[in-house]
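So that you can see what the record holds, here are the features copied from TrEMBL:
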{"type": "BINDING", "residues": "A:G150, A:V151, A:S152, A:R153, A:S154, A:G155, A:K156, A:T157", "note": "ADP binding site"}
Protein chains: 2
Amino acid sequence: MTRTAFYVSDGTAITAETIGHATLSQYDFTIEHITVPFIESDEKANLLKEQINRRFKTTGHRPFVFHTFVDKSLAEKIADSHSICFDVLEPFSKVISDKLNVPANPVKHRTHSIKEHKYDARIEAMNFALTNDDGQTTDNYKDADVILVGVSRSGKTPTSIYLALQYGIKAANYPFTEDDMEDFKLSAVLKENKRKIFGLTIEPNRLAAIRNERYANSKYASLRQCRMELREVERMYKGNKIPFINTTHFSVEEISAKIISAMKLARHNH
Amino acid sequence: MTRTAFYVSDGTAITAETIGHATLSQYDFTIEHITVPFIESDEKANLLKEQINRRFKTTGHRPFVFHTFVDKSLAEKIADSHSICFDVLEPFSKVISDKLNVPANPVKHRTHSIKEHKYDARIEAMNFALTNDDGQTTDNYKDADVILVGVSRSGKTPTSIYLALQYGIKAANYPFTEDDMEDFKLSAVLKENKRKIFGLTIEPNRLAAIRNERYANSKYASLRQCRMELREVERMYKGNKIPFINTTHFSVEEISAKIISAMKLARHNH
């Protein structure tokens, strides 16, 4: 049985999507997901209401609707559809307003917009991550919040970018290659910034699989090579007391959250 | 008056952060935000409860706590603190379970983890965005979902990466330079993929400011040069019926949502 979920807002609908996804992930329904951002007029709200009602008619199930509207008259139109409809901020703001005796004062585009606090910091951090990706330059390490190190394809780049985009954290990253490993010491610039360094590692089989997608059957992608490189970097991490994690079973979101905790980094998304 | 908000989970706490931020953005409180992910043991939960209670004692205000726990015994420990405490999925799953007579069955790390549906698609899309950034290559346009075009520093790269990371959309991007504008025509490869092209533009003053941060007082950053380039690309968009938006007042989240709607792209985060 397939059900339909609508995520709706007069903004980006990102908050509605996040809470809707998380809620529905607790059930075994098969869901068709429909995100509808920028419902900013009566006309758009009416069209959406018709779409929701059509979906009810054709499937025989009331669709789920998760919405965040600043304009409450638009919210009412949507709530008036044949749906199981949730105003996703209301349960919390109702309690806060009641307990503290302050009214909620929703302002359009206060989240996920350019007016958001720290928006520029996030874009600046993303540019930092791209400029300082893959050891392209080591000149800016004094400005870095964290320097991720690890062998090629161990997850440094996606993690650096996620830290920037989500949290406004300036993450550089530096790859260790076989050439570094002969007499494996941290270079001068890494030594100077040692307290910023965080290491990534990964299981050899997984690394070999990832590298094979890029350069099939190369020495670079061989299990033997991956094992050697990982053994060397892990030994170096331990010898230099560099904190590190094994990324094999974690998403970039999880890896990022763990790095933030371990390095006590400030989140700039607040 | 500063209040404290805790965002807490046995996972990344991203859902709790999102809903907590959005809720509190409706009030004029000054908030100190504290995110605490991976509370996965009784010991950690007890320590956090003590931290919340200390905050209550030192400030005289009950902190806000937004949490998502799969392990309900951990949730109970946190709820037992001196706080205004919200289980952020509960109001919705309670209604769904009651109305449809199905129990919620929370599974750990079902969102924001590597087990998440479409996780690999998002990482693949991010690699695609980086490989096909800034016109580095045009060889992969057959695999692109969208090709963003525009002058240098009009927002192509952050938007491409956001589309990838958030939605698993494969976005390439291609910069137009002064050299393209002499006799401004789409190149053969862009013409072949014309239905995938989406244009970005920006106000000349804003563009000049952004370029000046990079290359102060250069011809490239001059208002005159910015005006000329933007006039030419906008004329070209119109002549070729290429859809485009002015990014000046929008965040990457908003620009991305607008592109997805305009190009009818499928979101791969569901």
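Using the three backbone atoms N, Cα and C, a Cβ is placed for every residue, glycine included.
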> Which residues of the same chain, at least 6 positions away in sequence, have a Cβ lying under 8 Å from the Cβ of A:S154 (ADP binding site)?
Replying inline: A:L200, A:T201, A:I202, A:L207, A:T247
> Near chain B by Cβ (under 8 Å): which of the binding-site residues A:S152, A:R153, A:S154, A:G155, A:K156, A:T157?
Replying inline: A:T157
> Using an 8 Å cut-off from the Cβ centroid of A:G150, A:V151, A:S152, A:R153, A:S154, A:G155, A:K156, A:T157, can you name the remaining same-chain residues around the ADP site, in sequence order?
Replying inline: A:N173, A:P175, A:L200, A:I202
>> Applying a 10 Å Cβ distance cut-off over all chains shown, what neighbour count does A:G150 (ADP binding site) have?
In response: 27
> Under DSSP, is A:K156 (ADP binding site) helix, strand or coil?
Replying inline: helix
>> Return the residues near A:G155 (ADP binding site) by Cβ distance under 8 Å, restricted to its own chain and a separation of at least 6 in sequence.
In response: A:L200, A:I202, A:T247, A:V252, A:I255
> By a simple count, how many Cβ atoms lie within 10 Å of the Cβ of A:R153 (ADP binding site), its own Cβ left out?
Replying inline: 20
> Which Cβ among the binding-site residues (A:S152, A:T157) has the fewest C-beta neighbours inside 10 Å?
Replying inline: A:S152
